[in-house]
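Below: one structure, written as structure tokens.
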Amino acid sequence: SNMTDNLKYIVQELNKEPFNKNLNLITCDSLEPIQLLQILNDVIAEIDERHQMDIRNESADQTFARIIDALRIFRFKPPSDPNHFETFKLGLVQGNKTTVYPILEWLLQKRPELKKRAYLARFLVKINIPAEIAQDEEVENLYIQYEEHIEEFKQVHKNVEAAKSASLPTGDIKKDIKAMQDEKEQLVRRVDRTKKRVQSFPNSASMLQLAQRLRLEKEREAKISRQISDQRTVIQSCQSRAQRLNQQVKDMRQAAAGSTADGLIARLEEEKKINRYMVTEKLPAEIATEKRQVADLQKIASEPAMGQADLEQYRAKMREVNAEINQLIEKKMMAGDVRDDKASLFRQQASIVSRKKAAAAEALREAREELNRAEEELQARRETLEANRGQQGGGEEVLKEAQFREYVAKLRTKSTVYKEKKRLMNELIAENGILTRTLEILRQKEEAVKRQISQAEKRAGVSGYSDTQEQLEKVSKMMTQLNQKKGDTLEDMSRIIGELNKRVNEKKNELAPLIRELRPLREEAKKLQLEYDEKKANYERQSAGVEEKRMKLEQEVKALREECQGEESRYAYMKGMLDILNTQHQRVQDELRAYKSQDPNDKKKPTLRDVFKKKIAEQENIGKSLREKQKAVRDAQQPAMKQVKMWSDLLRLMDCKIACQAKAEVAAEAGEYAGVTSLQENRLVL
């Protein structure tokens, strides 16, 4: 099928201009090998006119060499393997379809590109000169000039292609030329009027010189003013940078004042404790809370949608569970003793301390986040300043006086806020340390109370009562939290449904006047659509006229380009012929000058006439000696032929004698054998 598709493409292209072969699949497939090679040659000739010929007028080897040379110029890649190349060569010589069809398809697909390549090859493919001729000095100089002309042609062709690709439309070029001519005429008239005015004044020449000097001095003054402004800008930026650096040094010194090694170690220990608490307690708790919340939300999302009846049912269950929990709490409070009161007191204190600790950690986290945001903003502003500095050629951004004052005021405000936050953060860190220590003490007391309670339970025979009670409290607390979350979730869902209904009604009310306003706009849109269609039809008519004019101009440009290419080829050919004629003329002039000159030095130099005379004399002597040899051979031919005949007869006679001698020897051997046989027979008889 691939072969059929290739053949279809080849037939379609050969039926088009400029081939007009009028073929179909059957006729193309039934072509003789010589006809197929002729079509291949016609396609190559359409690309490169030098191959226009009838292949019946040349041998198969010449046709193969010429086609291979053309394909090499076109950069067609034949098989690189020697065996495959021999098959390719044989198929091309014999006009094999499997070899010719791929070449035809490749040539027809890349015909425009190959035309350009063939045109360039006529001037860029170098001539092969034999080594013995290339050693001549004049030939070598001519070849160097030839290579220089090739490079010049390359540059000219490159410039022409660049000009073609960068060329503007003809109409725009004509408009630009006309506008420039009008502007030139206006400038010429203005210059003439100015000259007439100036010529009426005395000392006009000196005044013109003074005016020219004044203009130069003004330009110089403007240049110096710009340089002064640039230097002032650089000085101001350096001063502002120095002020910032001094302020940074001052702040760092103030921060370092009064600090000791013990204070730094204590501060680091506090930060270490805070970070440990954040990592080991607060963050895991927050992560666990978020995970539980996500699990609850996923569970709620996976359940089917609930109506108002389901919500009421869940609320009733929640009320029942809350009532049971309250009853259990009341029973526990009524059954409690003094030791439970003490434990609950410690638990209450511990919970208060843990809440304060959590609040301090949260405040610390917020303060750190705000500090990070401030540092990021500071870094962003520094990067912005660096970018502005790079855009101004290495200088820094220079602020105006009012902007600088505003910036200083903002900086003071932020510095005050930063110091206040830092002070608050230090207080929170200190309070956190105190609360941490308090929590540790309360935990130790709690452990001691638990040991006392466990000992008392063992003595009373109710071991594990306090642990069970704590677990019940935890379960009740968890149930309370879960019920609260469920209630909040259900309330949120009902609230969201109500808000959605409210938003839908609001959007309907908002859209009602818009719909009323939309109706006349639709009518106006229909009118505009009709007007648009009318304008579009008018535009298409105008565009068709402009397109027709453009095509005519393109045809003119194409004809001019072809004419330009022909003129370029003719110019290159005429220039090459002129160089050859100049070289020949120079050689003739040198020969005549050497022949007519009376200078003995010139006479010593061998001329071409002398060289050729010497060669002619040598050839005449050689011819004379060869003629003498020919005459001697011709005179000795008859006796030699007789002698050859005699020797051949002698050889035949000797061959005959040898044959007779061989026959006689065979006969003698046969007779001797017969005698021996008879003698043996006689002996047997006796």
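Note: Cβ is positioned from N, Cα and C throughout, glycine not excepted.
Automated prediction, rather than curation, is the source of TrEMBL annotations.
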Suppose you had to name the range TrEMBL annotates as coiled coil; which of 147-181, 287-321, 322-356, 357-391 would you pick?
357-391
With DSSP as the reference, give the number of residues of the domain 'IFT81 calponin homology' (5-128) in helix, strand and coil.
90 helix, 0 strand, 34 coil
Across the coiled coil (357-391), what does the mean pLDDT come to, as a whole number?
71
